[in-house]
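Let me begin by presenting the structure, written as structure tokens, before commenting on it.
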């Protein structure tokens, strides 16, 4: 016989949606077996009750056996040995359909008794265990909900009683689930014997009735029945061994899982908080807004998948996305009505998710795990080793951080260290840069722009002037709308890049070879000093005549510059994903000014895009 599908007893305590989904498959298989067994029982009952209808009853039995392949059993549907065995039985039973006399006593003892025992005892026992499991599961949900609703100004008696209720209900649910799993696993063996033993008894009664000399029963069939009897005994022996192992596992799990039933924090000495995780799963409460000022809490199964936080209900087959954890922020928060809460904010600050863990240890582990994922540590080869080096960062998420003024004062005391840390990211200053003063490249105290703000007023004024000269109406929203289509010859160079805007600032020496590297150094240093990690993602479109920054969501052009205004462009010496270019604004000699823009390529590890962009930009500027 092929291997038997089993429910894992070790996953009964976690009670994950995957385990519930697998349990549903076994329950569906049990219902199919019960339905099929009932039909087979009715067919054999007809053989026993009416000897005059023996021929018709045996024909129905043969037909049911032939339809075994058409039964959609979720488990064991591809059992070719079982299917071929039943087909053999169907053939011999069909041959015996012409027989019209059977000893009722032999049929009652050898055929009806095994299938009756299976139907009336085994299947009904499973139904009873299913009801008990459902009741214990509902009691556990009620107890854990009552425990989770305890306020911080709690009464010790109420907390103790709630903990005891959770302990009792969780232990009862765990024990009931393990016994229920054991019965379902046992059914996978019993369903084979329940189908084979009645057929074996029926055939033995027929052989005895016809005195082993019937023309329909030859020595070949006797050998076949002997082989089936041996197979049944082997399945029964394997079932008994498996039942014994499952009972031992249940006893071991009951002893080892006893401390895990209580929702309180375990002893930190025996189970400390693990801050090196890059994957985690478990049940959490999520706050959902139900009105302007009202909200509700819902218990869901949460798990991390790559850089995403997913949630899944018990009745759901797959999980759904909650939020993107890349570059997100997470911290412990105080809630008026809940304990052990933490908050996850997306990288753009548009989505905030408030979650509640079961204990303080679970809360800290979730915070540490999300912190590690937000830094993309999960992409490393040795993720746990890398996460171990950022444990201090994970601890800061659940402890008050120093104010901005304190950090600023501390960095002002050691400017050389900050400069060295940023200089390590950039390239070494060239001899020309050391000979030329930094003030000659960038004016002191020049403001840095870290976000893209479309110059609406300037663009509109320029468009209005152009519209007045052309004698046509201008669009007040900064869009041309009726521009003539581009000449196909001007669209030969047309390239789109995904970039992140790091910053821009006004520069003095626009044509200096080191002005871009110095601007990179100052922008990166300012971002590190002021803890500015947010970057605006845009689409950089380069054509033969212009340079555009387009919003990827709305497709609105944020900035637009003529390509002839690009004075120079270059990439970082060490990090080729960093690049910049200098634009000379239009105007007189005194009114013109140069602005240096610094970007980072959005695709990690692809250094071809910045290099290709610089080459394309250089060729376009040359044109």
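Residue positions begin at 1 at the first shown residue.
From the backbone N, Cα and C atoms, a Cβ is placed for every residue, glycine too.
Keep in mind that TrEMBL annotations are predicted by a computer and have not been checked by a curator.
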Ranges 319-352, 353-386, 455-488: which does TrEMBL label region 'Disordered'? 455-488
Looking at the ranges 248-277, 278-307, 398-427, which is given as region 'Disordered' in TrEMBL? 398-427
Secondary structure content, the domain 'PH' (277-375) (per DSSP, counts of residues): 15 helix, 45 strand, 39 coil
